[in-house]
Amino acid sequence: MSSFSLPQINDNPDGGWGPSSSSVPAQFKFKDIPYAPYSKSDKLGRFADWNDISGDNRPTNLGLSSTQGRGGGGPGGRRRDGQPAFGSGTASAFTYFHAEDESSFSLVDTKAGAARRGGPMSRGGARGRGGAGYGRGGGAQRGGRGGFSGGRGGGAQRGGRRGWRDWEKNGRTRESSVAISPEWAMLEEIEFHRLAKLRLEVDEPEDLETYGRVYPYDKSYDRITTRTEKPLQLLDRIKYNPTTSDDPVIQEMASRDTATIYTTDVILSVLMTAPRSVYPWDIVVVREGNKLFFDKRDGGPFDTVTVNENAADPPQDPTAVNPNNPNEKVVVPETPSINSATSLSLEATYINQNFAFQTVIETPPPPAIDFSKPNPFYGPDETEPLASCGYRYRVFDLGITDDEDVRICVRTEVDAYLPGQDPRKGRGLVTIRALNEFDSRATGAGGAPDWRTKLDSQRGAVVATEMKNNSCKLAKWTVQSVLAGADALKIGWVSRVNPRDNTRHVVLSTTSTRPADFASQLNVSLANGWGIVRTVADLCMKQPEGKYVLVKDPNKVSILLGLFNYFACLCSPSLRQCGVTRHLKSAVCWRSRHLITVCRRAH
């Protein structure tokens with residue numbers, strides 16, 4: 001049977017607390033280092049008391065007395081435990097004095113702070129609730145309820161009272177633009193902070209071919225004010241925006257090996273401004289040999305316009321019901337909200353289309369200008385009139401060295417031309433877009449002022465608010481204008497006639513700007529955008545031939561882009577290709593307050 005022997009117990013022969021120098025082995029003795037004693041009745045708040053502690057748990061080793069600290073000397077500065085730590089006065093040997101640092105410091109501003117509004121007994125005053133005196137939430141903190149530090153709900157941050165149900169807003173999640181199946185293989189991941197550091201300088205592009213017809217821009221819309229507003233008209237026009245693989249011109253250029261990458265300005269602008277995006281999106285990448293095609297899906301996020309995407313509290317859609325919870329009931333509102341994210345997106349798309357149709361002069365003079373070739377998507381059996389639109393196919397060189405041949409062919413679009421200019425030579429081209437106001441007091445307005453009262457008198461404040469709330473959308477429009485080589489970007493300000501009616505709108509004003517200057521105001525770096533495109537293209541060229549999906553994660557902060565294998569996409573209902581998805585026409589019109597996408601088979 002094994003024996004057990006008690007270990008040797010070394011008592012302190014002096015009868016004190018702590019180890020004895022005679023019982024501790026030689027290798028564990030600490031010479032010339034003092035020991036801070038404490039009483040057995042003290043509460044264990046810290047392992048070692050390295051500094052002299054004042055009444056409010058702050059060090060006084062910088063020459064400040066305990067009463068000079070925040071909260072010291074008053075009722076709000078008493079020690080929470082009620083008694084000072086035993087032996088704290090004997091720990092001065094551990095104190096480090098910043099003598100040189102403090103000697104070089106001098107107080108510059110000796111002015112007294114401005115008095116707070118309201119009397120000393122009012123809420124938020126010297127003795128008010130959460131105020132600067134001995135109010136609720138501690139002494140001598142700055143700010144009112146939930147203010148700078150220590151107040152009720154304030155913590156250690158500066159700011160006022162949080163908004164209603166802010167705790168619930170942080171938990172809101174967005175659905176991905178495409179349902180990601182568990183069988184999909186994650187091939188690459190890109191973080192947005194890595195994309196922001198990329199940079200690639202690109203020379204002027206080469207113009208290949210031009211198609212379509214453009215009408216002159218009506219300059220009378222530049223003189224509209226809030227007092228001379230014009231109603232937004234509903235015009236039946238057809239404007240084609242097919243994806244890259246459905247463009248017969250791009251297919252012909254690909255057969256001649258014109259470039260390495262093929263895409264459209266709409267898809268390319270989303271990729272170049274990816275770090276600004278908040279809402280989810282996805283791009284279908286097709287690799288055929290040494291060629292890449294960036295495509296979009298029908299009915300995806302590329303066919304609509306977002307509203308207040310970058311606002312602190314953007315518009316929200318009704319919360320979806322969890323299908324795994326049988327107790328959760330589906331609450332269907334009697335009438336759908338006109339200020340939800342989906343409704344506002346459809347309304348903005350309708351406004352952009354009709355504003356571009358309305359601001360051109362279709363009856364000469366001045367005459368319409370035909371480009372070198374007619375519209376490649378307009379068939380002989382079409383009866384509806386074409387909208388003013390010109391297509392310019394341009395090639396940009398993305399090669400880093402002279403020997404590297406990486407070229408991208410982009411189909412760009414222009415909406416009109418300035419009278420007196422020659423658009424055939426690339427002069428006076430115009431792109432037309434529109435911002436819309438729905439209700440400045442509704443949820444998701446982003447603090448936007450009332451356009452009817454502020455647009456003429458305080459246009460700078462209105463523009464700054466829109467640049468903050470719609471940073472991604474404005475950046476995409478600017479990039480599209482630069483890619484197309486447009487000389488002017490016309491942005492209309494369109495508002496509802498009645499905030500409760502989303503079917504009638506008026507044009508309040510129009511802003512004209514140069515795309516390059518507007519890019520500088522928005523802090524849009526085209527070099528960074530080209531660096532993103534080149535990086536994504538290099539990642540796709542490392543993969544074997546096939547189809548892939550580039551997905552923007554809607555919720556994660558760090559990993560925001562993922563490249564998935566397309567092997568399971570054909571089995572996914574979200575990406576299933578039916579007989580009518582291979583289209584040559586995608587016309588957007590507005591009927592019965594719904595967005596209708598018209599498709600037909602490719603002949």
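Cβ coordinates come from backbone N, Cα and C, glycine included.
The region 'RNA gate' annotation in TrEMBL falls on one of the ranges 301-315, 421-435, 511-525, namely 301-315. Using a Cβ-Cβ cut-off under 8 Å and counting only residues 6 or more beyond its ends in the same chain, the region 'RNA gate' (301-315) has close neighbours at 163, 169, 177, 241, 266-267, 270, 276-282, 339-341, 344-349, 352, 436, 438, 443-447, 468-473, 586, 588, 595, 597. For the region 'RNA gate' (301-315), the number of residues in each DSSP class (helix H, G, I; strand E, B; coil) is 3 helix, 0 strand, 12 coil.
In terms of DSSP helix, strand and coil, the compositional bias 'Polar residues' (1-11) has 0 helix, 0 strand, 11 coil.
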